[in-house]
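Participant: In case it's useful when we look at the structure, here is the feature table from TrEMBL:
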type	residues	note
DOMAIN	31-147	domain 'MTTase N-terminal'
BINDING	CYS40, CYS76, CYS110	[4Fe-4S] cluster 1 binding site
DOMAIN	171-412	domain 'Radical SAM core'
BINDING	CYS185, CYS189, CYS192	[4Fe-4S] cluster 2 binding site
DOMAIN	415-478	domain 'TRAM'
Amino acid sequence: MMDNILEGKKIDETRQGEALEMASSSNPNGKKLFLESYGCAMNFADSEVVASILIKQGYQTTNDELEADLILINTCSIRENAEERVRKRLTNFKYRKQHQPSLIVGVLGCMAERLKKQLLEEEKLVDIVAGPDSYRDLPSLINEVEGGQKAVNVLLSREETYADISPVRLDNKGISSFVSITRGCDNMCSFCVVPFTRGRERSRDPQTIVQECRELFEQGYREVTLLGQNVDSYRWNITNKGEIKDETKPTTNFAELMAMCAEVHPDLRIRFSTSHPKDMTDEVLETIAKYDNICNYIHLPVQSGNTEVLKKMNRGYSREWYLNRIDAIKRIVPEAAISTDIITGFCGETEEQHQDTLSLIEEVKFDFAYMYKYSERPKTLAERKYEDDIPEEVKQRRLTEIITLQREQGMVINQSYVGKTVKVLVEGTSKKSDDMLCGRNDQNTMVVFPKVDVQPASYVNVKITDCTSATLIGEVVA
Ligand code: 5AD
Ligand code: SF4
């Protein structure tokens, strides 16, 4: 599943300009939309679908919440603290409404799905509650509110993929974009709320995915990230049991889909997230190896290094299976960077089991890891079946041990790049210094280098001279 790293990002002003233009060129209604997203990349991709739907209704997007007529917050339920952050935001807006009674506030995404009417009726925090499969219904939900009612749609769908909606790109750079390929998740990992909030897994028509990649390339984009909770289970015209649905039509699996996207143009980088250890096939790895423009970067969440814990987590693989997949990556795509997700302090986790996670980190040598303390989520299998019995201070100590080890290893890996030359897709000026440019290499590591005369969205070769545990530093070479 995807990482919870993009919290509280707002519509960027530059892109907002474009969105405004689009809105005013159709049928402006004079109203302004402020849209804020929390959580995983899928939420950010969904917000672009929401913006598209509402701009068609005449809304203009704004970056200034104070001038908004409609505020929509796309939310995340993955851990308790993600929800707490959003609740604080919603409480703020509630006070705003006292001074601006016409202001409409809506909650979208996973919290909408999980809490349903609670935010609306008990806590009276919002006017609209719209789950992840109900965004086409937003115009009528807004109408209901304008008619003086509260509005809710949290129906989950087995078919909705928003395949025909062209997302309005909300990032400012026009270089890299998310493209969703599946929605929902059927895996039922015992700690995870996603199957409850995002519903059953479904794949999007491959032709619409390739078409979206093509349009992005034509607009100047040079990188797409194919998104799904488990991209390896992408399947088109194939049933869950692996049978062909319609013999007269072609089938597509994830490896084939990636190849189709890679064929759009050799200068369009293809990334993907998230891979699942139980489903990632050698065919996928061979496809990555075959195409230069499919990035050598695999995010493969392990969650724990102990087989018993993995069993309780319902992950569908053992420590040995995971290590076998790592061996396959190192054999078939030797250049690949590997990152992971780890949960520490899961129900009943012993000290020895924690040591197994540390030893797995040492064995694999991850380039990067997202590391979390277990947070019990209502309704999940783990909440119903196991006790959240690891004390907070033990969770924290284990997390610190994991982070410390990972940081050391990340530093060693980055040091191994020093002296090498890497190909970087230029994103723009570095956040830390106006004199530096930044971009990512094929392996997804951030690279910074002194400014030269190149445009964003072009490729440069950078010779690495130095590094930190998270960044490579170098200079452009011919
Ligand atoms: N507690 C802590 N971390 C969680 N994740 C998912 N559910 C939980 C939870 N209840 C983590 C997993 C997943 C990542 C996106 O979030 O590591 O891969
Ligand atoms: Fe990812 Fe498992 Fe949650 Fe599905 S259930 S989104 S695979 S962690």
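Going from the start of the chain as shown, residues are counted 1 onward.
Using the three backbone atoms N, Cα and C, a Cβ is placed for every residue, glycine included.
For each feature listed, report its degree of burial, its nearest neighbours and the pertinent distances within the displayed model.
Facilitator: Its own atom aside, the Cβ of CYS76 ([4Fe-4S] cluster 1 binding site) has 25 Cβ atoms within 10 angstroms in the protein chains shown.
Taking the domain 'Radical SAM core' (171-412) as a whole, pLDDT averages 97 in the prediction.
All protein chains shown were included, and the count of other CB atoms within 10 Å of the CB of CYS185 ([4Fe-4S] cluster 2 binding site) stands at 22.
Applying DSSP to the domain 'TRAM' (415-478) sorts its residues as follows: 1 helix, 36 strand, 27 coil.
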Participant: How far is it from CYS185 ([4Fe-4S] cluster 2 binding site) to CYS110 ([4Fe-4S] cluster 1 binding site), counting Cα to Cα, in Å?
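Facilitator: About 13 Å separate the Cα atoms of these two residues.
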Participant: Quick one: Cα separation, CYS189 ([4Fe-4S] cluster 2 binding site) versus CYS110 ([4Fe-4S] cluster 1 binding site), in Å?
Facilitator: 16
Participant: Among CYS40, CYS189, CYS192, the binding-site residues in question, whose Cβ has the most other Cβ atoms within 10 Å in this structure?
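Facilitator: The most densely surrounded of these binding-site residues is CYS40.
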Participant: Tell me the Cα distance separating CYS192 ([4Fe-4S] cluster 2 binding site) from CYS76 ([4Fe-4S] cluster 1 binding site), rounded to the nearest angstrom.
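Facilitator: So the alpha carbons of CYS76 ([4Fe-4S] cluster 1 binding site) and CYS192 ([4Fe-4S] cluster 2 binding site) sit roughly 12 Å from each other.
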Participant: What is the number of other Cβ atoms found within 10 Å of the Cβ of CYS110 ([4Fe-4S] cluster 1 binding site)?
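Facilitator: I get 28 for this one.
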